[in-house]
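Encoded as structure tokens, the structure appears first; notes follow it.
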Ligand code: NDP
């Protein structure tokens with residue numbers, strides 16, 4: 001049986017072990033997938049121990065994606081554009097890095113939800129590992145403009161610069177967003193709600209009823225932003241559960257060469273048939 005894991009800090013909340021177990025059952029691939037809590041200073045050592053124990057692949061979640069990028073001996077083009085890695089594959093004793101966050105988000109929005117992102121003026125909140133993954137994918141999906149705002153403005157500047165599309169992608173100070181008009185897409189890629197923030201502070205004039213509000217978070221962590229979006233009058237609101245399943249499917253395909261069917265796993269996680277995704 002081959003070994004896989006998700007590394008993060010914290011990581012006990014992660015649904016990835018259940019998702020990969022469900023994909024394994026669906027495709028008849030035997031695998032063992034666990035969650036490993038590793039603080040940034042302990043990440044390298046934990047990953048070495050995992051590899052020594054036969055680890056073949058790993059997902060990486062907050063706050064380790066940029067560190068994962070730095071330790072890879074080879075990276076995919078989309079990981080390079082993101083400067084962040086969420087999928088590690090052990091090849092010839094070295095880690096190869098990819099980033100499936102962006103494709104996961106876009107597949108969920110344009111595939112499962114059949115939404116068209118082309119021509120939308122987009123606001124991306126956050127500039128951490130996941131924002132780095134989704135920003136290039138949003139540009140590839142055809143958004144007309146991408147404005148990035150982050151609590152630490154230097155990280156938004158760095159992300160906008162790294163995207164290399166000065167015509168379409170710019171950074172703005174969070175406090176200046178009030179002067180930016182409205183957006184047809186607002187993506188929350190911050191982890192603000194994980195630190196206990198129960199309200200999301202953003203001017204209501206950024207949205208219109210046609211604005212699609214997307215939170216990469218799911219469950220309780222998505223409540224604050226989606227409540228803001230509802231109060232601001234957005235009709236279309238999406239949490240990050242579908243993206244989570246899609247980014248996992250893309251990682252599964254990299255490791256096992258088989259693309260699982262995401263729909264039943266998504267439905268199970270939403271609670272429509274919990275027996276499909278059990279806690280292994
Ligand atoms: P990182 O730790 O890399 O980045 C966190 C981001 O949130 C930074 O931009 C940080 O700003 C910002 N932030 C943190 N606290 C606050 C706050 N109190 N107010 C405003 N901004 C804040 O995390 P990731 O980018 O990896 O993940 C971000 C969120 O997205 C997580 O909650 C994660 O669970 C979720 N996610 C969901 C996925 C899915 O598949 N659905 C996939 C990936 C992530 P600063 O730079 O100033 O610190």
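Glycine too: its Cβ is placed from the backbone N, Cα and C atoms.
What TrEMBL records for the NADP(+) site is 77, 126, 127, 128, 129, 130, 150, 151, 152, 153, 154, 155, 216, and among 53, 102, 240 the residue it adds there is 240. For the shikimate site, TrEMBL lists 14, 15, 16, 61, 101, 218, 247; matching the candidates 86, 91 against that entry yields 86.
Checked against residue 152 (NADP(+) binding site), the recorded positions 14, 15, 65 differ in C-alpha distance, with 65 being the nearest.
Less than 8 angstroms from the CB of residue 127 (NADP(+) binding site) sit 148, 150, 152, 155, 156, 158, 159, 171, 189, each of them six or more residues away in the same chain. Geometry remark: residue 129 (NADP(+) binding site) versus residue 14 (shikimate binding site), CA distance 16 Å. According to its DSSP assignment, residue 247 (shikimate binding site) is helical.
The two recorded residues residue 77 (NADP(+) binding site) and residue 86 (shikimate binding site) have their Cα atoms spaced 13 Å from each other. Of all residue pairs in 77, 126, 127, 128, 129, 130, 150, 151, 152, 153, 154, 155, 216, 240, the annotated binders of NADP(+), the farthest apart have Cα atoms separated by 27 Å.
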